[in-house]
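A.B. asks: The structure that follows is given in the form of structure tokens.
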Amino acid sequence: MSRLVLVATPIGNMSDVSPRAIAELTAAGLVCCEDTRRTGMMLKNLGIDAKLMRVDEHTEHASIPRVLDALNEGRDVCLVTDAGTPGISDPGERIVRAVSQTAHIVTAVPGPAAFVMALVISGLPTERFAFDGFLPRGGKERARSIADLVRERRTTVLYEAPHRLQRTLEDLYVSLGGERRIVVARELTKIHEEVWRGSIADAVTNFAGVEPKGEFVLVVEGAADEPAATDDDIDRLLLAELAAGVSVRDAAAVVAELTGAPKKTVYNRALELSKSDDERS
Ligand code: SAM
């Protein structure tokens, strides 16, 4: 059995390349990369002489047979991208899926990923979070992705190209309002690393007018918790369901789901309400 090894590479600071990354790249029988010139230079600087094969987002699917051939010949294959962790807004997923359906091993050398660094330095909640990568560029898909953020309670991390930063901030402002906190992390691990923190409204003003340069990650605060439903709210919803002819069990299930209240409590209350309704009629 051979191994496919996803090797994380630096997102800007070459000192972040790990000793294990160097060892795997040195030993690999084939290194798949997005840009042979760029990866070739990195390997040259590390003193590594490897056989390179280009695999970018357009050629990933077509490259699968060659990757499988190399593995079947007993060679270990490394997969790197231009920066960071392969498979994160980068090629990797399709090759991993194909190799994971064979007897070969899929493993990784973990390392830099811009979204993880931005999240952990943001100061926003990290216990639960969502990573949405790049928002769709336009149309219904973009509108839907942004609409999802309106209700999303978790901190959400987004990647954005510099020339689309301003528009994305404005779109977030329109849909999410100006109050939520946002962190704009730029050029992480590089000399000009900057982390801007403020409200969405302030971000729109701050980044207006100047063409931003470099690479950006946005970390957006999640939606505030909705206030817990009161007993009156639960009664009102249950009575509406019961009046519509819904059974006690189904009414309780629907209202528990809507309000987040414990199922048993809602069921008992639904029973009481349906009985007092029966007694009145
Ligand atoms: N695979 C990479 C990773 O693990 O983060 C991401 C690749 S994706 C094609 C490139 C995007 O990642 C950039 O447009 C930017 O949003 C983000 N990014 C990468 N390096 C960055 C850095 N040093 N600082 C800020 N954002 C970065």
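Cβ atoms are placed via backbone N, Cα and C, with glycine included.
TrEMBL entries are annotated by machine, without manual review.
This is the feature table in TrEMBL:
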| type | residues | note |
| --- | --- | --- |
| DOMAIN | 3-203 | domain 'Tetrapyrrole methylase' |
| DOMAIN | 229-273 | domain 'RsmI HTH' |
A.B. asks: Is the domain 'RsmI HTH' (229-273) packed against any residues at least 6 beyond its ends, judged by a Cβ distance under 8 Å, and which are they?
C.D. replies: none
A.B. asks: Within the domain 'RsmI HTH' (229-273), how many residues are helix, strand or coil going by DSSP?
C.D. replies: 36 helix, 0 strand, 9 coil
A.B. asks: Which whole number is the mean pLDDT over the domain 'Tetrapyrrole methylase' (3-203)?
C.D. replies: 97
